[in-house]
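Lifted from TrEMBL, the feature list:
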- 18-351: domain 'Glycoside hydrolase family 29 N-terminal' (DOMAIN)
- 1-19: signal peptide (SIGNAL)
- 283: site 'May be important for catalysis' (SITE)
Ligand code: JFZ
C-alpha cells in the first residue's frame, strides 16, 4: 500500500515537475493565442475590500492603501466586514463590456492585500467567509461572461501582504503588518498553488492567469516551473502571463506591458526593451488609479485612449483598459461613459482593429498600421501637413481608399515611399483610416 502511494506521488511529481524550459503549448493554447490576438480589447477590473477606502482621500492611492498607509493586518481585516456591494450586477458589467467592444475581462482574484474575492477553501480570508455580502464574485461574473461569450481571466498577486509565510519579505509589506519575523516560504508557494488550483478547477474554462507581484522580490524562489506546469496541466488552453516587467520566462503564453506601449518606458517599470514573439498586451488606467479612487478625476480623454489602443494594435498588442468598481458594486458612471464612446468608435472602425496583426510599418509619430490579409490599415492619428509619406512597403500597392467613405485617395510612389494626399476635409478627430490593398 505504502509503496503504491509513493509511486503515485512520484508519478504526480514528475508529471507536474517537468520543466517549462521545454514547454510546448498545446494546440488549444495556440488556438487561444490566436483568439487573444484577434480580440484586441479587454476590461481590467481592480476590485477588492480596498475599494471601501476609495483611496482614503488621497489621489494617488487605491489598491495599495494597506501598504501606503501602513495599515496593520489586524486593522485591515476589518475592511471585509464593510464590503457589501448590494448593487453588483454581473450581467450589467458584462453588458457594458460588450457595448464597449471588449472581448474579455481580467479581474483581481487576489491582490497584494491577500484577500480572495472568491470562495477559497484554503483560507477563510475571502469574500464568502469574511464579508456581509457572502457571495463569490468570480463565480457570478463567470456565469454572466459565459452567457455572452466573454472570456474571463484571473489576475493573481504572487506578492502577499497578509500571509505570514510570505517570508522573507520583499520590497513591500515590511515592518507594519504585524506578521512574525519568520515564515516558511515553501508553504506560501504551496498555498498559492492551491488557490490557483481552485481558480482553475471551480470556474470552468478560464481565459488565463495574469500574474503580478514577482517584482517584489524577483530573485526569490518562486518555483515558477511548478506553478506554470500546474496551470498548463489543469487547463492547457489557459494563457499565462506575468507583470514582472522582464522578458517572458519559459512557460508564459503572452507578454504584458504596464501603462506603456511595447518597448516604451515612460513609467520606469518596463526596464526590458525586449518585445517577444508571444502575443502582447498593454494595460492602462482611465485616470491614474487601478482601484476605485474618489478623488482621482484625472480622466484620460476618449481620444487619447482610442489612440493608445490603435497604437497598441500597431504593435500587435491588446489593450486592457482598467476600471475600479465602486464599493457598492457599480462601475463608475464616468468610466461607463468612456467605454460607450470607445464602443461606438469600434462599431464603426472595428474592422481595422479586431482580427488584425501588427502592420508592416512600426508605429511612428503620426500613427500606426495594422494588417489583415492583403489589407493594410493606415491609422493617421496626428499629422499637421496634408500629405503623409508612408515608408516603402515590400509589396506593391493596388489601391488606397478612405475607410470612411470608400473614396480613392490620391497617391504617388516616390523613392522614399508612398506620398498620400490627405485633404483636411477628409480628416477625423481621432483616427483617419486608409485602406491600402496590396
Ligand atoms: C502592479 C500592481 O502593483 C498594481 O496595484 C496594479 O495591479 C498593476 C496592474 O500592477 O503595478 C505595479 C507593479 C510594479 C511596480 C509598480 C506598480 N513597481 O515595480 O514599482
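Easy rule for this one: first residue shown is 1, then count along the chain.
Glycine is no exception: its Cβ is also placed from the backbone N, Cα and C atoms.
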Under 8 Å by Cβ from residue 283 (site 'May be important for catalysis'), same chain, sequence gap 6 or more: 44, 243, 256, 257, 258, 259, 320, 321, 322
Look up residue 283 (site 'May be important for catalysis') in the DSSP assignment and report helix, strand or coil. strand
Reported mean pLDDT - the domain 'Glycoside hydrolase family 29 N-terminal' (18-351): 97
